[in-house]
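Undergrad: Sharing a structure below in structure tokens format, with a few things to ask.
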Amino acid sequence: MEQDRGRAGRLSRATKDVLFGSVAGMMSKVLEHPFDLIKVRLQTQPMHPKPHYAGAYDCFRQTLQHEGVRGLFRGVSMPLVGATMENAALFLTYNQIQEGLRKALGAPRDQPAPLSQLAIAAAGAGAVAGFVLTPVELIKCKMQVQMMAARHASHADAPISAPSLIARTVRESGLRGLWLGFSGTLLRETGGGVAWFLAFELSTRELLRLHTTRLHTQATKADLSSLELALCGALAGICYNVSLFPADCVKSTMQTERELRAQTHAHLPPTGFFATLAKIYETRGLRGFAPSSALVFLVYNKLEQAAERYGL
């Protein structure tokens, strides 16, 4: 009876996924946003007659010089709102698909799921997250390049708020307009999601194997230190960005075209896929994109451990 009451008072798996994923996502967005802003500005900067930014450091320096520290967090409101939905949907869907596959195949719960099942769950979670995330990314990217556009053209419109951008997009393109760039986001989130989750699982399993060998007892994720979880998360973030980052650049270019077209030769046709790839190669690096993923997995796993410790 006492055991049943204790079990009844615990949080459900789905509640933990939504709650912990939301908190981890919001914390990561605050840490990540300055890097993301630099990334988007490098991805979408005018390339004619020459790139305005010489690289990531130059973009950071100019942003700080013209807009101050506040400028590095321009557009952060949308990712903070979106992080709640994105990471909640990501972890909830990931674990629910895993559970569904486990039940369908009659697999025991006390054994790690095979990587093929994790890949299916990760792809499904990424697809759901991509649908949720596209409108958030659209408005965020537009806000991130507004000051860049205004600084290089005297006739540029003054920056407008997220609600105004949403209203303008719906007015001009209907609700479908909020999903501009969905194909790129979907490709990035499904393929990148597989790389993200599998890299984290493989690295943590290897660490657990080493712990088990050293301690001569079966180790669990609760035995991993914060540093180990952060390193596994950082590796997952690098794999995510390396795997399908061209899709992300195409998406960003599509989503900011309206804001930058007037300043970058309105008569030019939209940037093609391979032209965008060339620009990525010249302007975008990998450093700075791993920290947020390290924080996501670290916070999520620490919250999960705390819930177990306090019987939630």
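Cβ from N, Cα, C; glycine included.
Unlike curated entries, TrEMBL annotations are predicted automatically.
What TrEMBL records for this protein is below:
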type: REPEAT; residues: 12-100; note: repeat 'Solcar'
type: REPEAT; residues: 113-206; note: repeat 'Solcar'
Undergrad: Please give the average pLDDT for the repeat 'Solcar' (12-100) in this predicted model.
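TA: Its mean pLDDT is 80.
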Undergrad: Summarise the repeat 'Solcar' (12-100) as counts of helix, strand and coil residues per DSSP.
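TA: Grouping H, G, I as helix and E, B as strand yields 72 helix, 0 strand, 17 coil.
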